[in-house]
Amino acid sequence: MSEPSRMSNTVPTTRRTDDAPIRFGVIGAGFIARWFAQAVAREPGAQIVAVTSARRERAAAFATEHGIAHAYASLEEMFAAHGPGSQDPIDVIHVGSPNSLHAQHAIAALEAGFHVVVEKPFALTRSQAEAMVEAARAADRFLMEGWLSAFEPGVARLREHLPRLGRLHRVVLSKEQFSSRMEVYRSGGLPPAFDPALGGGSLMDLGIYPVSLAIHLFGEPDRVTATGTLLECGVDARGTVVLSYDCGEHAGLEVVCLHSKTSPGMESSFAGDHDVLSIDDCQWPRRIELRGPAANGDQAQGAQAHEDLSVERDAEAPGHQLAYELAEVCRLVRAGARQSDLHPLSRSVAAVGVLQEARRHVGVRFPADEQG
Ligand SMILES: NC(=O)c1ccc[n+]([C@@H]2O[C@H](COP(=O)([O-])OP(=O)(O)OC[C@H]3O[C@@H](n4cnc5c(N)ncnc54)[C@H](OP(=O)(O)O)[C@@H]3O)[C@@H](O)[C@H]2O)c1
């Protein structure tokens with residue numbers, strides 16, 4: 001992918017000079033839309049103008065719950081009522097629909113003239129992801145994947161301290177948690193997160209976190225191998241993806257990505273020659289610990305040395321989950337940016353490509369795979 005060089009990062013002609021809130025339209029009224037609405041409620045620089053969902057009554061109930069003025073049963077209705085230049089315009093569309101609709105919804109919003117934030121995973125296939133990037137370039141609009149980790153203080157601390165370990169050899173990243181939707185599946189239901197027609201499964205839902213963190217820190221890997229356990233419905237319940245870096249700065253590094261929707265996980269760790277840096281969670285690291293001679297620069301303590309690099313982060317409180325990501329989106333849109341420097345589109349495309357290759361190894365196929 002070459003789009004970062006083709007897309008200008010800031011376009012001063014659309015820079016916002018007023019300090020009015022950035023106005024959002026929301027697609028989807030489910031779990032992530034609630035997190036988003038709660039974050040907007042705490043962010044003075046943001047406001048939700050309208051919401052649309054598959055069912056009008058769900059959109060209406062969501063609008064009532066979050067004090068949103070307009071609810072629609074289709075994207076077309078929302079786009080027509082709140083297009084650029086209208087009386088009540090939306091600046092940015094937040095796409096929180098099921099994975100299989102991300103590409104379609106994002107491209108429709110970009111073509112209608114809106115900036116767009118798309119929930120993770122960005123798309124189902126690399127060709128969908130590339131089409132989204134091309135649509136943003138053609139429309140000259142902002143586009144970003146809502147992978148919240150990029151904007152987390154714990155990930156900033158990782159970026160700052162990992163170089164202290166010297167050359168890394170082995171990294172194990174884990175995102176594993178028992179899914180409440182697993183209970184629904186086991187009792188005969190097929191929630192979206194397990195539905196192959198909607199792009200469900202553990203890789204797409206949770207595997208994205210370790211894979212994206214690896215790409216964020218080390219770039220796109222040279223090789224991908226994966227194993228996994230399939231459910232009868234055709235998606236994976238858990239698995240392992242190994243990212244191998246053969247050349248360049250990280251030559252020899254292997255990143256083992258563990259993901260599971262059937263059991264709780266373990267901590268993640270980064271290991272160099274003598275030091276290990278461990279984190280409690282690769283979605284939003286809070287407890288961060290360095291062990292080994294690099295800790296506190298204490299060579300005398302050797303492997304016993306220990307340094308606490310933890311960050312204060314009340315990630316589970318309502319409105320806090322997406323707070324850093326939302327603030328950054330508002331800042332970027334206000335500045336006239338077309339993508340995020342911290343989480344550029346090339347990384348989202350790379351993550352989708354890795355997940356697609358991993359799915360091929362594991363045998364998870366989506367209808368979108370038939371389209372190339
Ligand atoms: N960033 C994070 O940490 C995070 C966390 C969770 C989920 N996510 C992502 O967010 C996305 C949604 O997940 P979720 O858990 O929120 O799912 P969810 O609770 O099932 O909600 C999905 C919503 O999309 C709506 N929808 C379905 N088809 C639509 C259509 N054609 N047009 C408009 N709306 C449509 C549904 O409408 P109805 O309700 O009317 O049926 C529902 O409100 C997924 O991509 C997921 O990966 C991100």
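Glycine is treated like the rest: Cβ placed from N, Cα and C.
What TrEMBL records for this protein:
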COMPBIAS  293-304  compositional bias 'Low complexity'
COMPBIAS  305-314  compositional bias 'Basic and acidic residues'
DOMAIN    22-145  domain 'Gfo/Idh/MocA-like oxidoreductase N-terminal'
DOMAIN    186-257  domain 'GFO/IDH/MocA-like oxidoreductase'
REGION    293-314  region 'Disordered'
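Taken residue by residue, the compositional bias 'Low complexity' (293-304) breaks down under DSSP into 6 helix, 0 strand, 6 coil.
Counting residues of the compositional bias 'Basic and acidic residues' (305-314) by DSSP class, helix then strand then coil, yields 0 helix, 3 strand, 7 coil. According to DSSP, the secondary structure content of the domain 'Gfo/Idh/MocA-like oxidoreductase N-terminal' (22-145) in residues is 57 helix, 28 strand, 39 coil. Mapped onto DSSP classes, the domain 'GFO/IDH/MocA-like oxidoreductase' (186-257) shows 27 helix, 21 strand, 24 coil.
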